[in-house]
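Have a look at the structure below before the remarks.
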Amino acid sequence: MKSSFDPRPEIFKSQLHEIIVVALVCIAQLLTQAGITMSLSSMNIILQSFHSIDSTKQVWFMGSYALTVGTFILISGKLGDIFGLKLIFVIGWIWITIFSIITGISNYVSIEFFIICRALQGIGFALLLPCGMGILGRIYPNGKRKNFAFGCVGANGPIGAFIGAIMSAVISQLWWWPWNFWLLSIVSAVLVVVSWIFIPAVNPRDTIDLFNKLDPWGCITGVAGLILFNFVWNQGPVQGWDSVYVIVLLIVAVLLIVAFFLVELFVAKYPLIPKPIFNIKIGMILACISCGWGSFGVWQYYYWNIILNLRHYTPIEGGLTYLPFFVLGVVASLFVSYAISHTKPSYIICFAILCFMVGDLMLAVTPIHQSFFRLTFGQMFILCWGMDMSFPAASIILSDILPDHHQGMAGSLVSTVVNYSVSLFLAISSCVEIETMKNSQDQLLSYRAGLYFGIGVAGLGVLCSVIFIFIQKDDGKGTNDLIREEEFINSSKESI
């Protein structure tokens, strides 16, 4: 790394050791995003292999994975803070190894079992990213070196999207789709060993009063409420919103989510989310990230439906269209690691969410038979900046302002919002698509209706980011003094 950076943390034995540790966290981000796109480029092949013509189930190929990544991340950072970030990080790779094997085997069972396996696979990735970000947050003090490391992690989002799409397309089209998951299991098994050897133990295990520190009631109400709420939005348009079980599950989901916030604020001695986090400014950051990445999830799903079903690209041709993400992701990450140190994070987040909105808007108006190198290529260029700028900016803000014993939770919050929003807003957009298709019998119009919803979500995010700019207080270093340290000191006994 550049000599102008801060000194290398003493926990690293050498520069090579530092590179390996940062690379392991980058790979976690890369494969998390690849896990989404690997089911998109091959979704038609997978559907046909189960001899199914029910395309409404395709939304679950991506949605079930993003759902469990988003919900279980909520508790994985807490597990890392208690049992050790390194241990939970390694367990995440072990989990992925096991359930990637089973996901491939689901080819012999049913499409429903495949969807369940995808959800179980997502739990492993939920353990990885917040603990990886927590490890970096504990190792690096605030400064340029930390910003560069976080920027590298963010860059692997678009790179992972390309690798997941093209590798899955090649394997599914020319070979057999289960090998997508079996190869992933092989890679994960290798990463188990590498992670155990090279990642330093950055926080001690704290198993005293273990049951209460895990916040069992918060875990149960939070995870169950989020899963049920998302499930209802996916099943509502399929089963009908007048179905008794859909209505009952929606009511139960809302009650569980309300119960979660009541438990966190008034009951839990060691809440999953410390009370000082319930802050208007941090709330605005998370709202921006939710809307931006939620709209991007909508874009991804309908982009693949349009190029596969209306433009009739092969999976490999579709995967190659993600190449700009790979190239521009590297360029954008280098810029972001610099900009974060010299620009208010609120400006960076606002620009990122605006990129997400423009990307959705461009896809919604792109003619079906237009050349790829016009609007389609343009939206790739713009969306790349949205991904590369939003995730590291939000992660750095929270990591900078939270004390060491909450670094796992800092990673959890951003990752939870990103992945759950992808799943939830995709589910809602599919409701819009299905209802439009029923009324118009126009496939293109129904896809665009879903995209219009994504544009609206991103527009709400832009509004939130503008509000955040006005309420932000700059501390003169490019980061925000969003929470007074005294609040954390006073609340540490309650929320460690």
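Every residue, even glycine, has its Cβ placed from backbone N, Cα and C.
Taken from TrEMBL as is:
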DOMAIN    21-476  domain 'Major facilitator superfamily (MFS) profile'
TRANSMEM  59-75  transmembrane segment
TRANSMEM  87-107  transmembrane segment
TRANSMEM  113-136  transmembrane segment
TRANSMEM  148-175  transmembrane segment
TRANSMEM  181-202  transmembrane segment
TRANSMEM  214-233  transmembrane segment
TRANSMEM  245-268  transmembrane segment
TRANSMEM  280-302  transmembrane segment
TRANSMEM  322-340  transmembrane segment
TRANSMEM  347-365  transmembrane segment
TRANSMEM  410-429  transmembrane segment
TRANSMEM  449-471  transmembrane segment
Within-chain partners of the transmembrane segment (347-365) [C-beta distance under 8 Å, separation at least 6 from its ends]: 285, 288-289, 291-293, 295-296, 298-299, 302-303, 306, 336, 339-340, 375-376, 378-379, 382-383, 385-387, 389-390, 393-394, 448, 451-452, 454-455, 458-459, 461-462, 464-466, 468-469
Residues from the same chain, set at least six apart from the ends of the transmembrane segment (322-340), whose C-beta lies under 8 A from its own: 37, 144, 147-148, 150-152, 154-159, 161-163, 165-166, 348, 377, 380-381, 383-385, 387-389, 392-393, 396, 478
Contact between the transmembrane segment (214-233) and the transmembrane segment (245-268) (at least 3 Cβ pairs under 8 Å, separation 6+): yes
Other parts of the chain folded back onto the transmembrane segment (113-136), taken as Cβ under 8 Å at six or more residues beyond its ends: 21-22, 24-25, 28-29, 31-32, 35, 39, 46, 50, 57, 60-61, 64-73, 76-77, 79-81, 85-86, 88-89, 91-96, 99-100, 102-103, 106-107, 146, 149-150, 153, 181, 188, 199-200, 202-203, 395, 399, 407-412, 414-416, 419
Maximum Cβ pairs under 8 Å to the transmembrane segment (449-471) - stretch from the list 59-75, 87-107, 148-175, 280-302, 410-429: 280-302
Mean of the pLDDT scores, which run from 0 to 100, over the domain 'Major facilitator superfamily (MFS) profile' (21-476): 85
For the transmembrane segment (59-75), sequence-distant contacts whose Cβ falls under 8 Å of one of its Cβ atoms, 6 or more beyond its ends: 32, 35-36, 39-40, 43, 46, 114-116, 118-123, 125-127, 129-130, 214, 219, 222-223, 226-227, 230-231, 234, 272, 297, 300-301, 412, 415-424, 426-427, 430
Winner by Cβ pairs under 8 Å against the transmembrane segment (181-202), considering only 87-107, 148-175, 280-302: 87-107
Same-chain residue ranges lying at least 6 outside the transmembrane segment (148-175) that approach it to Cβ under 8 Å: 1, 5, 22, 25-27, 29-42, 45-46, 132-133, 136, 140, 183, 300, 314-316, 318-320, 322-323, 325-326, 328-330, 332-334, 336-337, 340, 383-384, 387-389, 391-392, 395-396, 399
Non-local residues, at least 6 beyond the ends, that sit with Cβ under 8 Å of the transmembrane segment (280-302): 36-37, 40, 59, 62, 66, 161, 349-350, 352-353, 356-357, 359-360, 363, 379, 383, 386-387, 390-391, 394, 397-398, 413-414, 417-426, 429-430, 433, 447, 450-451, 453-455, 457-458, 460-462, 464-465, 467-468, 471-472, 480, 482-483
Within-chain partners of the transmembrane segment (87-107) [C-beta distance under 8 Å, separation at least 6 from its ends]: 28, 31, 49, 76, 79-80, 113-114, 116-118, 120-121, 123-128, 131-132, 135, 177-182, 184-185, 188-189, 191-192, 195-196, 199, 205
